[in-house]
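Asker: Checked TrEMBL, it gives:
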- B:Leu185, B:Leu186, B:Tyr210, B:Phe211, B:Arg267, B:Gly289, B:Gln298: ATP binding site (BINDING)
- B:61-168: domain 'THUMP' (DOMAIN)
Amino acid sequence: MEVYLDNSATTKCSKRAVDTMVNLLTADFGNPSSLHSMGAKAEEYVKEARKKIAKTLKAEEKEIFFTSGGTESNNLAILGCVEANKRAGNHIITTAIEHASVQQVFEHLKEEGYRVTYLPVDVSGVISLEALEEALDEETIFVSIMQVNNEIGTVEPIEEAVQLIRKKAPKAVIHVDAIQSYGKMAICPKKLKIDLLSVSGHKIHGPKGSGFLYIKDKTKIKPILFGGGQQKGMRSGTENVPAIAGLAEAAAEAYDHLEENVSHMYGLRDYFIEEVTKIEGVTVNGSTGMQAAPHIVSVSVEDVRSEVLLHSLEEKGIYVSAGSACSSNKPSVSRTLKAIGLKNNLLDSTVRFSFCESTTKEELDYTIANLKEIIPFRRKFTRK
Amino acid sequence: MYKSFLIKYGEIAIKGKNRYLFEEALTGQIRYALRSVDGEFEVRRLQGRIYVDALSEYDYDEVLEALSHVFGIVGICPVVLVEDEGFDKLAEDVIAYMDKVYPDKHITFKVNARRARKNYPMDSMELNAALGEKILDAFPEIKVDVHNPDVLLCVEIREKINIYSTEIKGPGGMPVGTNGKAMLLLSGGIDSPVAGYMIAKRGVAIDATYFHAPPYTSERAKQKVVDLAKIVSKYSGPINLHVVNFTDIQLYIYEKCPHEELTIIMRRYMMKIAEHFANENHCLGLVTGESIGQVASQTMQSLAATNAVCTLPVYRPLIGFDKNEIIDISEKIDAYETSIQPFEDCCTIFVAKHPVTKPNLKVIERSETKLSEKIDELMKTAIDTTEVIHITAED
């Protein structure tokens, strides 16, 4: 049995997306900038994709900008906005548990001289609103908060945070990294009152190398890539038409069946948590209930190293992620797991299971059965 | 412009009656190295020389790169071969050669002629003078310097006439295959690939044994070892890599023996298994990347304890090297970047905080008696389930 439980790393591309892409790679392969009909046809696909995606966010078409994926969306949002607003202030805020494609950009800006605040989180990974309130001041020009944490699945209180920000730092531009939440919950940037939102295609059964940034109309932002002036100059470079159309198909599919998919995944998640915590020495990290995403379960297993557990599961055809990639040569401890105060001995004993709408209860039963065998056996052989 | 390369070899020229064996091995190794180069080549031996002739278009740098991996080669000379059609034609050819190879004529030169075919009408001295004069006439800017010329133009009168003026240094050593075969214990680290390279340099062909410990070590760790074996095989020729699943033996030792002796006992069983495959493959010795004192298992006492299980000699070409010296060679043979990829190695999985550094052989042997119940069976299974991967540099 092959059980893929690493959907937060990447997903299988949907058939609808693949079919669309094959056509765009082999038949309608024109460049949207070309003046002839082949170009016009390609442009039509991009427009159509933009329309489909805008619909999922209840946004306007002109607010969707296609990128090469989550990393580029986050980079464009942060670098583009901070650059455009640098005269308004010098202070930027994010959380202690962001993905590297946000955190590393903030580190870069810190070196450039910006004052950076990293918001702490509680044991469930929820950001401290008090710390946010305290950090906000007139100098604050940019705040970036992820909607769902990629390692533990915690949902951040975006609405409350936005209210605070709008009250105390009216100039600040608000960015939400929605890479793990898009396709797993209804998101309306207008309702959330945010300015920027990042999405990646391959996390929602779209192709790798696809993604977009929602930029609220009239947001002050500058491009970070320069060239032919495509996408209103915000993102130069020939549009990756197959990826864009594939992403739009995947997005439409996700939102067409959102409610049933999500309730299916919540059911799986709760079942999995219940069963896995029955095993001795096993705990689950992050929030529970609706305060956590439906598709991510972070599991700590006492006295079994994550890499060993991962490869033991792999031998049984089960694919998961190590919560914190750690090897004897280069220890790289997860910032998120550290930030939630996970005990030191568990930092390197945490794996992430992540589901998608096609995950089945049988697959989870098979996984649980194997965990019940693997964990006590591997525990006998610990490093002394 | 060059269609041929003259291969110069050092040490093997002095090997008396065995010489043809060495030359045969060297031509074989050159052919092997050229298999990874696009184009068709002929390697031939002629009057105590080896020539590589290009029969098709080829990339000059690629050929030099491939030849620079062949042990036994001391120098590589890109050469122009011309028929003997009298002195005037030779002078023309030499002038054309100089014109093409040295577009800037503000240089000094000296002709070094050699009359290997004694029926040629002019002797070496006469040729030096006559050809020098022709070149001076052809290019007014050029000057002669007999002591320290920029260009030493070699003209050798053989069956054909050889014209060349550059010699690219080869790697030296002896052609692989002229000194038997040895079994290399290959890990994913920095040292063992270098040890393989060093032993191959002395003409020894190699096979290798790698100990894999899933799920403690990953597929990527194994792939890394395959990649390293490929790098070594550029120098050593094809390698049969034995991938032994060592997990059960390791876990059994963990259960039965004192923890601080785990590494040393484990290494003793590794040596036994490697020796088994060495004998099976007609290897004359084992090769390891050990260097005295580098880690706990490489003290004099530890080496003695691991050595004690083998009857074959164990060669340790890095024994007197410091780590940075080993790294230098690793970088030179392009293995370093691969070696430092951070995958767990089977030796470090259960390593004790304070492993024994001065093991006493008697004590170790006594600990091993606790393994008597199952170890033979586990060893047999490990040997029977070993996967052999045939590795060559070209794929």
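Yeah, the Cβs are placed from backbone N, Cα and C, and that goes for glycine too.
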Asker: Any idea what DSSP makes of B:Leu186 (ATP binding site), helix, strand or coil?
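Answerer: Note: B:Leu186 (ATP binding site) is coil by DSSP, not helix or strand.
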Asker: What three-state secondary structure does DSSP assign to B:Gly289 (ATP binding site)?
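Answerer: Going by the DSSP assignment, B:Gly289 (ATP binding site) belongs to neither helix nor strand, so it counts as coil.
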Asker: Where DSSP helix means H, G or I and strand means E or B, what are the helix, strand and coil counts for the domain 'THUMP' (B:61-168)?
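Answerer: Breakdown, helix to coil: 37 helix, 32 strand, 39 coil.
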Asker: Taking only the residues the record lists as binding ATP, namely B:Leu185, B:Leu186, B:Tyr210, B:Phe211, B:Arg267, B:Gly289, B:Gln298, what is the largest Cα to Cα distance between any two of them, in Å to the nearest whole number?
Answerer: 18
Asker: Give the mean pLDDT for the domain 'THUMP' (B:61-168) on the 0 to 100 scale.
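Answerer: Across the residues of the domain 'THUMP' (B:61-168) the model's pLDDT averages 95 on the 0 to 100 scale.
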Asker: Any same-chain residues 6+ apart from B:Tyr210 (ATP binding site) with CB under 8 Å of its CB? Would you list them in sequence order, or say none?
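Answerer: Listed in sequence order, they are B:Leu186, B:Ser187, B:Lys222, B:Val225, B:Ala229, B:Leu241, B:His242, B:Val243, B:Val244.
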Asker: Taking DSSP as the reference, which of helix, strand or coil describes B:Tyr210 (ATP binding site)?
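Answerer: The residue in question, B:Tyr210 (ATP binding site), is strand (DSSP, three-state).
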Asker: Of all the binding-site residues given, B:Leu185, B:Leu186, which has the fewest Cβ neighbours within 10 Å once its own Cβ is left out?
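Answerer: Checked B:Leu185, B:Leu186; of these binding-site residues, fewest Cβ neighbours within 10 Å: B:Leu185.
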Asker: For a quick check of packing: other C-beta atoms within 10 Å of the C-beta of B:Gly289 (ATP binding site), how many?
Answerer: 25
